Amino acid sequence: MPAPSGITTVQYALLIVANLLIPIAVLTFATGFFPYKPFISGLAEYEPIAYGKPPSAQFDKLIFMVVDALRSDFVYGHDSGFKFTQSLIRSGEALPFTAHATSPTITMPRVKAITTGSIPSFLDVILNFAESDTTSTLASQDTWLAQIKDKKDGKLVMYGDDTWLKLFPNMFGRADGTSSFFVSDFTEVDNNVTRHVPHELRVDDWNAMIMHYLGLDHIGHKSGPKSPNMVPKQEEMDSIVKEIYEAMTSMNHLTSTLLVLCGDHGMNDGGNHGGSSPGETSPALVFISPKLKQLSMGKPCPTDPRVDFEYYKMIEQSDVAPTIAGLLGVPVPLNNLGVIIPDFLPLWSNRIDQVQLLLRNAKQILNIVKATFKDVAFVSENEQQAANRQLSQSGGEGPKLSKLWANAVKKLPFGECMDSDAYDAVEALYEFCQEAQELMSSAASNYDLSRLAFGIIVACMSVAMTALVSRLLPLMNSTGAFFALMNVLYAIMMFASSYVEEEQHFWYWITGAWISFLCCVRLQNATTRPAGMRLLIILAFHRVAQRWNQTGQKFAGAPDIAQNILRPNAAILWLLVTMTYLMLLYRIGNHIVHDLKTGPALGTACSLAQVVPAYLFKLGFTANDAPELLSWLGDDNVRLLEQIPLVGSARLIFLTLASETLWAFTAASNSTMPKAAKRQLPKMLVSLLTLFLITQSRTTNIPLFLLSTIQLELLSDLQLSPLQITITALVMGQTYFFALGNSNAISSIDLSNAYNGISGYSVIAVGILVFLGNWAGPVWWSVSGILLLVQSTVPEPIDMNTSAEEKRKRWVQMEMDNLIPNKSEFAAPEEADAMQRRSVFFLHTTVLTLFTSVSLMAVMIACTVLRTHLFIWTVFSPKYLFTMSWTLAFHLIVSVGLGGSIWQFCTK
């Protein structure tokens, strides 16, 4: 492809190479930053120890019931629907805990933690979204499932989330999986599990049954923890607990069965998860059996949390693995870092059995500790004399664990054992296990530093090449200085965890500063003062947008427009929503009539055929998703709207949008159409894109697109230079990413519209819809930026019906614009005339590439330098995942790919 006119071939080649280096840098760094943690392969065996045979099992069957996103208060709180479960807690037949789930709080890594007792890799965040991924299997790792199947020649059955089938291929004798990402369904997805329960309770050919219910999590994703569907779903889950418990007490083959009810993670106030907020990391965990009554006289329930969502005793989620192994009489998994929950030890009346259980757990953890601290000596449990010498050593973390182990060995009882001796041994073993657990869980991952360094070097090369290109472009002015300062400040900000968590404030501030900068330039001159007033209006709308959704960590849940004004006043919300759709009805109809040269009747019909189904779809979606937002319509009308076929309606919307887009491109490609007339094509594309994006957005966010459209109309009259247009589109896109409720936390990813028009899981289709739903603001402003560039470069067609007075006004305005001194700073003509049209998009791409490569480089260096930071997995790792999406999906595909295609079509 030849270099654009006005740009040298070297510059063009440098920019292409700089963009090609971006995915190389991103993927190389990712493979070094998110490696799989090493694990010990094979299955654990009981080692011979001085205490003889392992203690006997307390249960011979296990029913493991996972309710996805079962936050602790959903079971233990006063508003809980788990009334029967609460009665078991009060009677002592159930032991309640809050299980601390470490970040990332998403299903796959949490299931790994529960079954292996280990701490999963953060790379599981990516694998969790890859429905077809098989590289994350636990087939070669030791788990309590593998132990049950192997040691007891057992049989396992599984129903529910097919994550278990991916993690444990060929593990289950019977299984029926459902997709965990089909969040638009929270009824059938659970019915598909429950229908198997009566049969499985009757048969006696399995040792463990896994059930993983997804409906409660889906409700959270769609409408949050306070959804009117939440308590009924809890009651449904509670009825299943009751059905199982009654079978346990009435069927002989189930009398020695343990029922475990737990959540894999919790959810935040928005109904999402993935981050490290208290709500996300505090799922409920309940062990249920009549046998447990000997351990407790019961606990008060419902009750209040001690702090945040911490009810009863807080344990680590990894503690589930050794506890289940001990209760079922199988070895603790090899890679386990969990510790047997002490509350269960009294089930073994012999104190030596209690010591033995904990000693076997401690020795298994010791094997992992030894593999980590190879230069530190650890005594054998039979070397009590050597243990005395070991207690005198000092040093860092490894020697500290060696001392704790030596202390535990010293206190092991042999021969005649007093209860006090066993108690001291148990206490010392717990001290070692818990210290080792904490240390090994927080230990840094085995980063591949060579890959990290190579990725950073490649990113630096991209920055250098783009900077070299930009030096040869007209960027050396106050506008360019503002852009350079923005890049420097953003790069510095990436090294502070609190600023990464609250990145939205940087963009709110920088966007306000940019608009103010443009405003001040224009208010200084009387001829451009009206443009300055328009910028003041844009600035006021910017202030409204940044208060629309409170996001980040510090202010999450604080009062905002969407939650505290629009939700309680649903009629006002729908007035704004209706105004947005009416605006699109007018704009699309106007485009069809004037740009596609059709009659008014056809234009109106086509516009109605697009906008009305989209409006009805949003009404129907809201009726199913958040019916409280339609309370003003009355219950009968809401029930009527619930009958709208959502999948078919969404498909109809997508089909009509695709048809009209194709129609517009076909009409614009007509060789008889003048180039000036093609400048209208981006306007039509923006309107169609707006209709698509509001279909993919939450109802409360739809008015933001009305706000954006008004801002765009005001900007289009300002005669911004191409550089100013590019910076404006960049900062506005970033601002609206956060204004729509997003943040740098995995938990902010919105899946509620990921299945619009899809009746089953498709990784590509769902991935595209998830991206467009969450990056709706940046995508909209990226395409709108192309619209502004086309308008600033391609002359506007003269309407034959334009009055002589209007033509005279345009001529006078053009002459006045040409008289403004130093016009290259803030007006289009001189700068646009200095380069041919194709050079404008080259400058646009250069500026975007420079920001993208600088931000990528900064995040990479920050993640490398701060790889031992306390918040590396909760702040910096999620930020890098988001940076991957910004660079690969948004910059390369949307900004460069889609933007370039539209620009090329409209200016050729």
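Placed from the backbone N, Cα and C atoms, the Cβ positions cover glycine too.
A TrEMBL annotation is a machine prediction, not a hand-curated record.
Annotation source TrEMBL lists transmembrane segment at 12-34, 449-469, 481-500, 506-524, 571-589, 644-665, 685-710, 722-741, 753-773, 841-868, 880-903. The domain 'GPI ethanolamine phosphate transferase 2 C-terminal' annotation in TrEMBL covers 444-906.
Outside the transmembrane segment (880-903), and at least 6 residues removed from its termini, the chain residues within Cβ reach (under 8 Å) are 19, 22-23, 26, 29-30, 33, 125-126, 681-682, 685, 744, 746, 771, 775, 778-779, 782-783, 785-786, 789-790, 841, 844-845, 848-849, 852, 855-856, 859-860, 863. Here the transmembrane segment (481-500) has long-range neighbours at 475, 506, 510, 513-514, 517, 554, 723, 727, 731, 744, 847, 850-851, 854-855, 857-859, 861-862, 865-866, 869, 871, 875-876, 879, meaning same-chain residues at least 6 beyond its ends whose C-beta is under 8 angstroms from one of its own.
The stretch with the most CB contacts under 8 Å to the transmembrane segment (841-868), chosen from 506-524, 571-589, 644-665, 722-741, 753-773, is 722-741. Summarising model confidence by region, the domain 'GPI ethanolamine phosphate transferase 2 C-terminal' (444-906) averages a pLDDT of 83.
Ranked by the number of CB pairs under 8 Å to the transmembrane segment (685-710), the listed stretches 12-34, 449-469, 506-524, 571-589, 753-773 are led by 571-589. Long-range contacts of the transmembrane segment (449-469) within its own chain (CB-CB distance under 8 A, at least 6 residues past either end) are made by residues 11, 14-15, 17-19, 21-22, 24-26, 28-33, 846, 849-850, 853-854, 856-857, 860-861, 863-864. When Cβ-Cβ distances below 8 Å are used as the criterion, the transmembrane segment (12-34) is approached by residues 3-4, 121-123, 126, 447-452, 454-456, 458-459, 461-462, 465-466, 468-469, 842, 845-846, 849, 852-853, 856, 860, 863-864, 867, 877, 880, 883-884, 887-888, 891-892, 896 of the same chain, each at least six residues removed from its ends.
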